[in-house]
Amino acid sequence: MRKLFTSESVTEGHPDKICDQISDAVLDAILDKDPNGRVACETAVTTGMVMVMGEISTKCYVDIPKLVRETIRGIGYDRAKYGFDCETCSVITSIDEQSVDIAMGVDEALESKKGEMDKLDAVGAGDQGMMFGFATNETKEYMPMPIEMAHKLSRRLSEVRKNGTLPYLRPDGKTQVTVEYENGKPVRIDAIVISTQHGPEIYLEQIEKDIKEHVIKVIVPSELLDENTKYFINPTGRFVVGGPQGDSGLTGRKIIVDTYGGYGRHGGGAFSGKDPTKVDRSAAYAARWVAKNLVAAGVADKLEIQLAYAIGVAKPVSISVDTFGTGKMTDEEIVSIVNKVFDLRPGAIIRDLDLRRPIYKQVAAYGHFGRTDIDVPWERLDKVEEIKKHI
């Protein structure tokens, strides 16, 4: 049976991704000085303006406007002709402390109040909600091919802009990849869409030629392309006005880009700007860690795990697994292995993945999962042998 599946990615200069990176830059700066700081930082950008808001409880001081300008400069918006300039944009901040009602549930979990606890039971989940983790062995990164390929193309767009290969490119851009599957396995790429911001002096014909030569051919294995593969490069014909001048942006608007490109489910909670007591982030990272190690151990070819939490309660209220018919054992048996090998209380996740560190801005663009260019703890295959003992 054949089917097509499509996923998209965006570059670091996309307005929503600018916001994610600013929010995580603030988080990293606080965790660097105060590992126990509580952060929920949201950012909005529009023409000539950045607004940073949220709830932050910390003992340290960070210069938020300076962080904002440094982040925007690093992305590449460093001159007025780009329509957004790190030096001249206004930066507005509105920061409150974390609600005492939320803090009391995180500081002392329900298990602690009832006296049924060890030390890790003392940290309650920062919110209710459900989080999903996913892994598949169809790529070496244990990620679905459509999102993995889209991210690589987006990263390459930024690379050729910054290293001067294509100096007329500007920071904003999007990619989209359609993969054809046969009997559940990726066999070819059916379509590639790339929209990249550019200077007004360049013509579409040159952009199409350069993107095929310096981006697509460098990233996509030739065996996945054929004479029927379709290419759509700047299909509107012109993309000069971009970034916050073209569209306003908000933190948390690219949650599917951040995860599995729609191939796996999403619980709805965004990641960026949130410290690890927020299970939206830490439990989603843990779920990916669990799923990847299970697939690498040979438990299934494809696996999705759902975790669910109640605010102020340490232990997950539910854990469920779906192997889509690829499991080497029942889903119930896999859940039993998960409970034996992994401790999924928020305090244990923070400990085991060492999450109270400034490691978040680096994943705020080009995906939080499947990253081989950086070392992030939830991508480590450190539980495979222990899982195999229970198979």
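Cβ atoms are placed via backbone N, Cα and C, with glycine included.
Secondary structure from DSSP puts Gly173 (ATP binding site) in a beta strand. What Swiss-Prot records for His14, Asp172, Gly173, Lys174, Arg238, Phe239, Asp247, Arg253, Lys254, Ala270, Lys274 is ATP binding site, and it gives sequence analysis as the kind of evidence.
According to DSSP, Asp16 (Mg(2+) binding site) sits within a helical segment. Counting Cβ atoms from all protein chains shown, Asp16 (Mg(2+) binding site) has 22 others lying within 10 Å of its own Cβ. The Mg(2+) binding site annotation in Swiss-Prot covers Asp16 and rests on sequence analysis.
In this structure, Glu42 (K(+) binding site) is part of a beta strand by DSSP. What Swiss-Prot records for Glu42 is K(+) binding site, and it gives sequence analysis as the kind of evidence.
Less than 8 angstroms from the CB of Asp247 (ATP binding site) sit Pro15, each of them six or more residues away in the same chain. Residues or ranges marked as L-methionine binding site by Swiss-Prot: Glu55, Gln98, Asp247, Lys278.
Look at Swiss-Prot and you will find 98-108 tagged as region 'Flexible loop'.
Glu55 (L-methionine binding site) has its Cα within 10 Å of the Cα of none of the binding-site residues His14, Asp16, Gly173, Arg238, Lys254. Within the group of binding-site residues (Arg238, Lys278), the Cβ with the highest number of other Cβ atoms inside 10 Å belongs to Lys278. Note on proximity: of the binding-site residues Asp16, Glu42, Lys278, the one nearest Arg238 (ATP binding site) is Asp16, by Cα distance.
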